[in-house]
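According to TrEMBL, the feature signal peptide maps to 1-25. Per TrEMBL, domain 'Peptidase M12A' is recorded for 55-250. Positions annotated as Zn(2+) binding site by TrEMBL: His147, His151, His157. For Glu148, the entry in TrEMBL reads active site.
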Amino acid sequence: MIGRLTFSSNMLIIVLLVSLAVVQADTTQVTDDGDLWQESGKLEGDMVLADGLQNGVIDANLRWKDRNIPYELSDDFDEKQKAQINEVLEREFAKTCISVKPRVDESDYVYVTGNNSGCWSQVGRIGGKQNLNLQVIGCVWNHTIVHEFLHAAGFYHQQSSTDRDDFVDIFWENIKPGREHNFNKHNGDKVTSFNEAYDYNSIMHYTKNAFTKNGKATILPKGDPTIPIGVAKVMSEIDIRKVKKMYECE
């Protein structure tokens, strides 16, 4: 990994960067998720590294077989929440070429829980039963659901891309002490942009004040700091193309 810190790991768990303003599909309701993702204790606001899988985007072994990501919802969720998760996943991933549907009897699948550990997911196909958490209070939002399942599909945060310094400025002096590693970049030998441009509109991008210690911006677009980042509610066109390229259907 290129950056201020180097990692060696077998498994990554990524927890969602929850935007401050989140909108449920089919409504204009806005709520405040607060700093749930920052307080999770995960790397990158939301990542936990163990050994082996430092990256995974390029590694074909981390891709889901037959472009299918089966999932199973725990009883942490009520029927309304289960219906929401099912509907969002079916609708949003229909824009791509991969299928994200309830598990039948597949041996590799995502098990979705709603405990109080935040919003997080393992990255890519780990094999067998793998975990993804959507804390019942604070994480069951449409963009959160999509974001976490994109991690499960094999994607990392946009601002961790190898070329990010050409597109955003990182204000290290505004970052909470001990949280600087959350702004490291991934190794270009392991992670690819699939020849797509840096995407400020990505649903996988940090917010401007991620991990701020003083309320000031920690990350801003170069040239025009007024460009919105980290506020997407659905996959961008580039997000969709990347999924198609990763799973070789474009």
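If you go along the chain as it appears here, the first residue is 1 and each next one adds 1.
Even glycines carry a Cβ here, placed using N, Cα and C.
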Pairwise CA distance, Glu148 (active site) versus His157 (Zn(2+) binding site), rounded so that it is a whole Å: 11
Position of peak Cβ density within 10 Å, selected from the binding-site residues His147, His151, His157: His147
